[in-house]
C-alpha cells in the first residue's frame with residue numbers, strides 16, 4: 001500500500017505526518033490563518049435525508065477522490081443527477097492547489113488565483129454565483145519594467161521594454177496557430193502537434209535569431225509559464241496558453257494574471273458545495289482502490305467504502321501514491337511516475353515602500369536574483385504587496401523575509417521587506433508540485449490515455465484538461481465532463497439491470 005504505515009514518500013514527507021502536523025507548513029510558519037473552507041473530518045452533508053444508491057451492494061453511487069475544483073465540480077454534477085456522492089479529501093480542507101489564506105490580515109491566494117472570460121468554464125461559474133472581480137495591476141499593466149540580461153539589471157518604462165519583449169514574442173509564438181488552431185480541441189491539428197511536441201521551450205528558443213536580451217526576457221517568461229526551468233517544459237505547452245488567449249499577447253497577460261475573485265477562490269468552492277448535497281470527508285487519504293465488475297472498494301485508514309463508480313480527481317504527481325487493483329494502464333503508470341514539470345515557487349512579499357506598478361523579468365539561471373518574475377499586486381496604506389515567482393524552490397526560502405529582501409535588492413534597491421509568505425506545494429504529499437506543465441512529448445503520448453476510464457474508474461483533473469490545463473478553468477472543464485460521463489454510465493447500467 002502507498003504510505004499506509006506512515007511511510008516516508010520519495011519527497012521525504014509522509015501523508016500521515018503531514019496530516020498529523022509534523023510538517024508545520026507555510027501557514028503556521030507565517031502565523032496566518034488557513035483556508036476558510038475547512039469542514040470537519042466527519043462527512044459534511046451526512047445528516048441530510050437522501051435516497052440510497054442505485055445498487056444495493058454499495059454505500060455510494062459515486063466516490064470522488066480529491067477535493068480540488070475538479071473533484072468538487074464532478075461531485076456537484078453527480079449529486080445534481082440524483083446520485084449519492086461522497087468526496088474524500090486527504091487534506092484538512094477542500095480546494096486542492098488553490099488555497100485562500102491571509103498575510104498581515106489581508107487575503108492572498110497561495111495557489112491558483114486568476115480567472116478570465118477566455119476561460120469559459122470558470123467564468124460561467126463566477127457569473128452564476130455573482131462573485132465580484134478585482135484586478136492585479138503589475139503584470140497586465142505595469143508602469144515600469146525591470147529586467148536582467150547578461151547578469152546586468154535594466155530598467156525602463158513599460159512601453160520601451162515591451163517593444164523588446166513584444167518582438168521576441170511575435171517570433172516565438174509564430175507556430176501557435178498551426179499547432180492549436182482550435183485550442184480546446186488539442187488534437188485537431190494532430191500532425192503539427194506531434195511534430196513539435198517533443199521540443200522543449202528552451203530548444204525552440206535557442207533556434208530563433210533573437211538578441212541575448214530578448215532571449216533572457218523570453219527565458220523568464222517561459223519559466224514563469226511552466227514554473228520550472230525552460231528545458232523541462234514542452235514548447236507545445238507555451239503555445240497552448242497563447243492559443244487559448246486568442247493568439248494575442250495583451251489578452252494572454254490578462255487571461256493568466258489580471259482578474260481574480262474578490263472574495264477568494266474559496267468563495268467559489270463554498271458556493272459550489274452549498275448548491276450540492278454531496279458528502280465531504282476531509283483528512284482521509286485513500287490507500288487502495290480495488291474494482292471488479294460489480295463495484296469499487298476504496299480503502300482508507302478508517303475502513304472500506306463501496307461505490308458503483310469512482311472518480312480519481314487527484315493531481316498527476318500523486319496518482320501513483322494509491323494502490324490500484326487491477327493496476328492502472330501502462331500509459332497512466334508511466335506518466336504518473338514521470339510527473340509533470342510544475343515545481344517552482346510562488347509567494348507574496350510586502351515591502352514598506354510604494355514602488356508603483358512594476359514588473360520584473362530574469363532568466364531562470366542568472367547571478368543576480370532567484371526570482372524569474374516579480375510584479376505588483378497592489379499598493380496600499382502599508383506599502384506594496386508584490387507577487388514573486390521562481391523556477392526552483394532550492395534557490396530561495398520565500399518565508400524567510402531577510403533572504404527575500406536580499407534577493408529583491410538587485411531589482412528594487414533599498415526596499416524593506418516587512419513580511420513574505422508562500423506555500424511549498426512540492427512538500428505537500430497531496431500535490432507534490434504546483435500547476436500542471438507537461439514535459440516534452442507528454443501531450444501526444446499521454447493526454448488521451450489519461451482521460452480514458454478504466455472499468456468503473458474515471459479520471460478528472462486540471463492536469464488532464466483539454467483547454468486551460470493547470471488552471472481552475474481546466475479543473476472545472478474536466479470535472480463537469482467526467483461528472484456527466486459517470487452519471488450516464490451509472491444510470492445506463494441501472495436501466496439495463
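Using the three backbone atoms N, Cα and C, a Cβ is placed for every residue, glycine included.
Features as listed in Swiss-Prot:
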type	residues	note
SIGNAL	1-43	signal peptide
BINDING	70, 89, 97, 114, 286, 462, 472	FAD binding site
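Mapped onto this structure are the features recorded in Swiss-Prot.
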residue : record           : Cβ neighbours (10 Å)
70      : FAD binding site : 34
89      : FAD binding site : 28
97      : FAD binding site : 26
114     : FAD binding site : 23
286     : FAD binding site : 24
462     : FAD binding site : 30
472     : FAD binding site : 31
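In the three-state DSSP scheme, residue 286 (FAD binding site) falls into the strand class. According to its DSSP assignment, residue 114 (FAD binding site) is in a strand. Considering only the residues assigned to FAD binding, 70, 89, 97, 114, 286, 462, 472, the longest pairwise Cα distance works out to 30 Å.
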